[in-house]
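Let me begin by presenting the structure, written as structure tokens, before commenting on it.
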Amino acid sequence: MTGFTVPPAPPLTLVIFGATGDLTRRLLMPTLINMTKAGMLGDDLHVLGVSIEPGGDEFLVKHLDTFLAANGMEQAQQSDAWQRLKTRISYISGDFTQGAIYQEISRRLQHASSANAAFYFAVQPRFFGDITSRLAEHGLLDETAGVFRRIAIEKPFGHDLASAQMLNATLLHSADESQVYRIDHFLGKETVQNIMTTRFANMMIEALWNNNYVDHVQITAAEFVDVGTRGKFYDATGALRDMVPNHLFQLLAMVAMEPPNSFDAESVRNEKGKVLKALRHYSQEEAAKNAVRGAYTAGPLDGKDLPAYTETKDVAPDSNTETYVALKLYVDTWRWAGVPFYLRTGKALRARDTEVVITFRQVPFAQFPRAPSRPDLPPNKLIIQVQPNEGLQMGISIKSPGLVLKTAPIELDFRYADHFDIGHQTGYESLLYELFLGDQTLFQRADSIEAGWAAVQPFIDLWAADGSKPDPYAPGSMGPACADELIGRDGRVWHQIGDD
Ligand code: BG6
């Protein structure tokens, strides 16, 4: 890790449902290895894997060992940290839709050196409610005498407002909100966490952070990867549900929130929740004017011929699902009144590029001629480069050297990689650490999840009702032409995706 060391997490058993699945193998285990290396975990962290495959403790260890070695993680697999960690991994084989497995978990926890436990659901979302109810029925969520019991849930958290509400109700019937850790992996990213620091540790930034000085905000999560082998999941989901109410709204909330009274979990989550609740809810007509979507066509990408989205394996040939979406939203608060927030995300685009771009207002008339169309005096921009090439850029104007008074735009450019080592993390280290510590700052609260879904529900309803097809766009492009029109109607353009 960078910069400073932290004390090891308290003793606990991490119970992973879905212990042989991809999430566990690719993310959770490498994360636990990194955390062990960094001293974030002590020898009193135990892992209890649960899955349907038959076998005992040695089966899971072998399964993980082989996977790490065969999938480019040899370094992790050969590390001291893994040798130590694997002695503390045990396994229960069984069906988590049946009661017997919960009795066995209970028995194991009674014999564990600590009764603390975090239950991680690395399984299909349709099982989230059922597993939670069964844990509660078997007393596994009872917190007594200083013992903690927590559940960690991956996205997707529902597929619309009603299903998210229902899932929250089921979870909160069996567990207290303080026990529920809803993960949005974007919040584990160093650069996302840095948004709050950029704002609240810098007077020269935060003082301008309002509708007096900000012209508009763009939030982009562009992906170079296509849908690939995820056709089944993706066709039922689409770009809007997959990325907007969760990842993009987390970025938006960080950008638009008021300064919290303190950085404790509830203060931060209160402020973020207020932003999401202030997102304007559009009528169907307004939704149609403020959203566009696209699906990629066949074409070359990364030196290969990419089939069109509708020709992807497990995607319906007549699919209406979008692989690109762009929205124009408003946060109806005093600070942000009148400032449009343009959001876009898509697959098979020109480059991988997640960024927040704050464009400030033009300077008022001064000794320079008024300059909306002058390329030598563009408005100031602050670019928070979330990934890749994590950093921060500031676009300002200077005097171009010479006798004539001429301005020239330049960019102040900070890149994390020039100063820190943040490259070898999975992004889950801080999430798991805080889960173990019991700090919910980086996790989503029920009300915020529902507020996010409420704001996108008009778009979901619109596209379900009108049966329209997404507009085509070429792989490797910046997205469909309708997205340029959406922002172009306001006399603005999208920030370039990828390096200029
Ligand atoms: C996931 C989505 O939540 O986030 C994926 O389901 C998407 O479709 C991914 O590719 C993007 O995350 P990251 O960290 O690669 O930007």
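Including glycine, each Cβ sits where the backbone N, Cα and C put it.
Here TrEMBL has H185, K189, E223, K347 binding substrate, and the candidate from D235, D242, D332 in that same listed site is D242.
Taking CA atoms as the reference points, K347 (substrate binding site) and G18 (NADP(+) binding site) are 27 Å apart. Between T20 (NADP(+) binding site) and H247 (active site, proton acceptor), the C-alpha separation comes to 26 Å.
In sequence order, P125, R182, I183, D184, H185, N246 make up the list of same-chain residues 6 or more apart from K155 (NADP(+) binding site) whose Cβ falls under 8 Å from its Cβ. Among the binding-site residues T20, T24, D242, K347, the residues whose Cβ lies under 6 Å from any atom of ligand 1 are, in sequence order, D242. Of all the recorded positions in the list K189, E223, D242, H247, the shortest Cα-Cα distance to G18 (NADP(+) binding site) is found for D242.
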